[in-house]
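Residues annotated as active site, phosphocysteine intermediate in TrEMBL: Cys271. According to TrEMBL, the substrate binding site annotation covers Asn210, Ile211, Cys271, Ser272, Asp273, Gly274, Trp275, Asp276, Arg277. Among the features that TrEMBL reports, compositional bias 'Low complexity' is placed at 481-496. For 474-506, the entry in TrEMBL reads region 'Disordered'.
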Amino acid sequence: AFCLFSDKDIIYMCHFNGAVKGKVLITNYRLYFKSSDADVTVMLDVPLGAISRVEKMGGASSRGENSYGLDITCKDMRNLKFALKQEGHSRRDIFELLFRHAFPLSHGLPLFAYVTQEKYAENGWNIYKPVEEFRRQGLPNNKWRITFINKSYDLCDTYPTVLAVPFKSKEEDLRRVAAFRSRARIPATGGGYEGDEYQNAELVFLDIQNIHVMRESLKKLKDIVYPNVEESHWLSSLESTHWLEHVKLVLSGAIQVADKVSSGNSVVVHCSDGWDRTAQLTSLAMLMLDSHYRTLRGFQVLIEKEWISFGHKFASRIGHGDKNHADQDRSPIFVQFIDCVWQMTKQFPTAFEFNEHLLLTILDHLYSCRFGTFLYNCESAREQHVRSKTVSLWSLVNSKMDIYLNPFYTPESGRVLYPVASMRHLELWVTYYIRWNPRIRQQQQSPVEQRYKELLALRDEYLKKLEQLQLSDSSTSSRLANSPTANTSSTTSTPTQQYTHLQTPF
């Protein structure tokens, strides 16, 4: 990243501390603010990709203190206001820079993912290998086979190249079926449902709302959590957003899918086009059914498989680098999925190898444009533009896995998880939706988890000292053995052997 703008005399209109004077720094990746007041410490670190809208506040004739400046709306549940001096052209400069680099695609510029020079030991693009993943699931078998009919994206340009299909289906059958499907996305016609066409099948409607309803619901949620929470009417306000109701319906639908599959039935899941609600349901059902997807690496594979390769329209739903904040294609479908995952981790705290920090990191980089993982709408576009030119988010995650691990994780292969999808058992994900409130931020980590991490750190410290003692004793023994006066019969029980049986209670 390189610096584009710096100003030592700017005022951040903080919702929690009032007007705070400080220094702002803008690079081609982030907006950074640090207060200069000795009695108030405020820092902001906002990836430009998280900015949804930049507007000018006040005009040349505006009167009143701090009435002239910039109003910034973010995609990550916060808004920022900066007051600037009216003399000179400081606002014009900062506005143009922000507008240009927060929305690079609207100005013919590359997204930051193409500019960054980050290097990691592991190539995250290799985390998901379709054939290997199908084999792990036991495919091919006498019911399913793997087909490469879409290897050049000729059958369907928004589907992956490797597909698993019923064993008895022939390639010509797939081509005929694809010919009258929405965007050739077998098996859904798009924009409706098929009733009579499915023989010997139960048809179930899940009442999950469309992308527009979800977008409006999250907007309502933002209105009641930022900047301040109105505690006196909190429950009724939260209920009026319907956000948790939508989460409940998505989870409930996934439970029904998982239950049918675990009973030995096949389930066809489809929505209008198969890239929004379908992705939510299939990925959550797989998370319930397959403990592998509840591991750190397995969860990465699940996202790559069900969301990224099968064509969830990330570019359209998030609007990476696009100034058109009112685009009707935008919707928090993936955010809602991650919320559902978080609900499951709360109900089954020992079943997931990863922790909440991973989920927060994923959502932050859903917007940041720092990695290529969530760019574009489908795999065919990413093959051309992303894999060879950008870094995968999983490269970052797998370079420091320790911080994403759940200390309470207990592996249980074969266990199917059925979360309770009732309003009584669901809760608002406070540490995501209200995390910008300083009071909430101070309460984020539970005392039990904090103490557990301290004990783990203490264990690591003792193990390190133990290793040093072993190395020291080993070198001492080696010197004694090489000494001409050493009595070899006395070295049969070395200090090293005594230490190897030492164990910690953690």
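Using N, Cα and C of the backbone, Cβ positions are placed for all residues, glycine too.
Those TrEMBL annotations? Automatic predictions, nothing curated.
Features as recorded by TrEMBL, highlighted on the structure.
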residue: Asn210; record: substrate binding site; CB count, 10 Å: 13
residue: Cys271; record: active site, phosphocysteine intermediate; CB count, 10 Å: 20
residue: Asp273; record: substrate binding site; CB count, 10 Å: 19
residue: Trp275; record: substrate binding site; CB count, 10 Å: 24
residue: Arg277; record: substrate binding site; CB count, 10 Å: 25
How big is the Cα-to-Cα gap, in Å, between Arg277 (substrate binding site) and Cys271 (active site, phosphocysteine intermediate)? 6
Spacing of the two Cα atoms, Asn210 (substrate binding site) and Cys271 (active site, phosphocysteine intermediate), in whole angstrom, works out to 9
Max CA to CA distance in Å over the substrate-binding set Asn210, Ile211, Cys271, Ser272, Asp273, Gly274, Trp275, Asp276, Arg277? 12
Compute the centroid of the Cβ atoms of Asn210, Ile211, Cys271, Ser272, Asp273, Gly274, Trp275, Asp276, Arg277, then list the same-chain residues not in that set whose Cβ lies within 8 Å of it, in sequence order, for the substrate site. Thr278, Ile333
